[in-house]
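Features of the protein shown, as given by TrEMBL:
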| type | residues | note |
| --- | --- | --- |
| DOMAIN | 199-331 | domain 'FAD/NAD(P)-binding' |
| DOMAIN | 380-485 | domain 'FAD/NAD(P)-binding' |
| DOMAIN | 517-580 | domain 'NADH-rubredoxin oxidoreductase C-terminal' |
């Protein structure tokens, strides 16, 4: 018999370094924080079966924690092999004839209290990759072939019984290191393009474009005389040509500063905040009548939505009353949104920070906007020709906000979303002042140049200040921001190389592709009669639930078009607008569904 202190050292000494001992069996009594554990002799004999319950208690003991130092049981194990390169496979088995047959048994065989069983989940998790949920290879763990097969069976049984799931920690990303990249770009027509937005790391971008250095910082000041900028991080960066693409910020209703329940949506940061808050809301109020407001109202499920607009019809930024009437059935009979298809394992998401990157097209496509009122059907109430007059807190109410409209209506809600447009950013200073338009945008000429020498602008921060083509006008849209950015880059390179740069063809005609209320929407030229006054006529064709087509004509020539649904008329309409073909010989047959009008213009 050995002393108790010697037995204690034998149990707690690391298994890969202590000798195989033959000792008596000792019973350790339980303490308030330790389970009862029977410590058996350490021998080469493996004929006696250890109950799985004993193994489970062993993994909770202080002896186990001290022996393995809080790491997986295989981490400190080292294989013995000849030469520097280990064999591809571990040994077939460590136990033969009921006894350990090697001086360096594998991590499972060396410790008889490590019992592979589907209920012993804490042990099984030592052999599961925490990032993918897959079983670790025996080349990594050093487990012998026999025990590895038993391990696979035990883990798969645990998965089948739901004792272990595929939950893995969600990786926290710093989204300030990401930027939105356009992918899958293809031309629908000569001036109309379609594309997707992909988030890629700036490191990946810099690797691909070695001439680009990405700096994560905020612009504070521009010295247009000494040609340098200062940042919030106290950096001083000199430049030869400078292009500002800082975009715009949401134009919120006046009450937004007083109530945290009033949100603005413009970038990825605001979207993340909105998605989280809408989960706990039963009643929402959406203010605004543009693209973002229309998309939100259509997408939100399991909540009562009140839509406040100052116009006579919905989606007035893009469409006329006829198209709004076409959209009404989709608004009232919204289909339940199916979760986005994901071929990844299930993850547990933790809080993480997003940057304020601008929203791209179809920004809501992979979002699930579901409120807290799952028992009641979703509903949308539109309040026409109204604006928010006042907002106040209501105590002891399920809906803490009371919103009063200009028409006198009072609406109780949990959340208010302000989607009433944007203002160009002005959160930086300059040595000399920019020339600005009435809406606060920086004026740019036909080369995207500002009044400050060698300073260019593109996107929502600027306002076109050149003689515009008849069929083009500026709107704060992703498509135009991209076109302006590309053209500004060409202009700066042309200036540097002293080459003449011609204005891009995209500025000849307005063209925009989007989705509203589940329908494909294409807007071409003067689609709502912009710039035409009252001297124009409209041709309409509508098939309920399928398509809505509007042609705007002046002097029998097509000036603009609205194409909703899969019409396949965008290329023909674009050519008619650009070429200004006289359509008087065709009359009303131009939209006759029984005539393939494209045959006339091949």
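Glycine is no exception: its Cβ is also placed from the backbone N, Cα and C atoms.
Please treat TrEMBL annotations as automatic predictions, because they have not gone through curation.
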Residues in the domain 'FAD/NAD(P)-binding' (199-331) grouped by DSSP into helix, strand and remaining coil: 42 helix, 36 strand, 55 coil
Residues in the domain 'FAD/NAD(P)-binding' (380-485) grouped by DSSP into helix, strand and remaining coil: 11 helix, 40 strand, 55 coil
The domain 'NADH-rubredoxin oxidoreductase C-terminal' (517-580) - residue tally per DSSP class, helix then strand then coil: 10 helix, 30 strand, 24 coil
